[in-house]
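The annotation transmembrane segment is assigned in TrEMBL to 12-35, 61-81, 102-123, 158-178, 190-212, 232-253.
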Amino acid sequence: MAVSLSDEMQRAFLSPLFLGGVAVAFTGILFSGAFDLSISEVSRMDALSVFRYAYCFNNSFWFVVVGAALPYAGSFCEDYSSGRLCLLLVRERRWRYLSEKFVACVVSGGAVVVLSCSLFLVLCTALCPELVSVETGEWQYLAGHEPFIEVLLEGNAILYWVLFCCAQFCYGAFWAALGFTASLFALYRYAAYAAPFIGAIALVQIIHFGAWPVQLNLASLAYSQSFGGTTQTMLVIAGVYGLAMLLMLAACYGRLRTVMAHE
């Protein structure tokens, strides 16, 4: 009973938990942006500004990180508790099984964040007078401080959003991977959903006490920091989150070998 990557992807994206993850993340962003979406505020702000305040500053990430983990981070524990794990590993190698499940997890987690952000931006666009106001907004002051603002100032809002979504995809993928790793080590499905929330809190506290550089804050790296230009910023974001996910995948493989040794 071998399972392919396409099978894992279908399980991740066609699961009700995928829609649940989008709903949780979107609700968190919506709740964070409720004030700015009020009638008095939207008349004075462009859609991207409303989105920025809701997503980047009002603690919506508590919801977003959990939403990213919902679709597939607990999938290993489903196989383990149901007895499917031993049957699956009879037919395919451990590394292939783990890597395909891990990829499906991170891709679905990244997709949750991108989709929820895009849905909220559509809502903001419907309520606000314009998508972005470079001349009258505060965007001029943000160049060099937040990711990809220079692209927006050049008048290319679509490219800005594509780049922003790529960064958020990496963000969601990282938190989904953290949930997957936690559940595999704990052999408890709900650890997959608790770990991103607890991890985000822990990162904030670690940075608060100066034990980790604020420039590499994994809880907000994808939207809070520019690293000298569009290409450099994207490379840093993708590189940091990518390296973290590779380390988690390696740890998961070691843990899988231990689990199977006791079966």
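Using the three backbone atoms N, Cα and C, a Cβ is placed for every residue, glycine included.
Curation does not apply to TrEMBL; its annotations are automatic.
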Long-range environment of the transmembrane segment (12-35) - Cβ separation under 8 angstroms, sequence gap at least 6: 41, 50-51, 53-55, 57-64, 66-72, 75, 104-105, 107-109, 111-113, 115-117, 119-120, 123-124
Among the ranges 61-81, 158-178, 190-212, the one whose Cβ pairs under 8 Å to the transmembrane segment (102-123) are most numerous: 158-178
Cβ contacts under 8 Å made by the transmembrane segment (190-212) with residues that lie 6+ beyond its boundaries: 61-62, 65-66, 68-70, 73-74, 77, 175-176, 178-183, 218-219
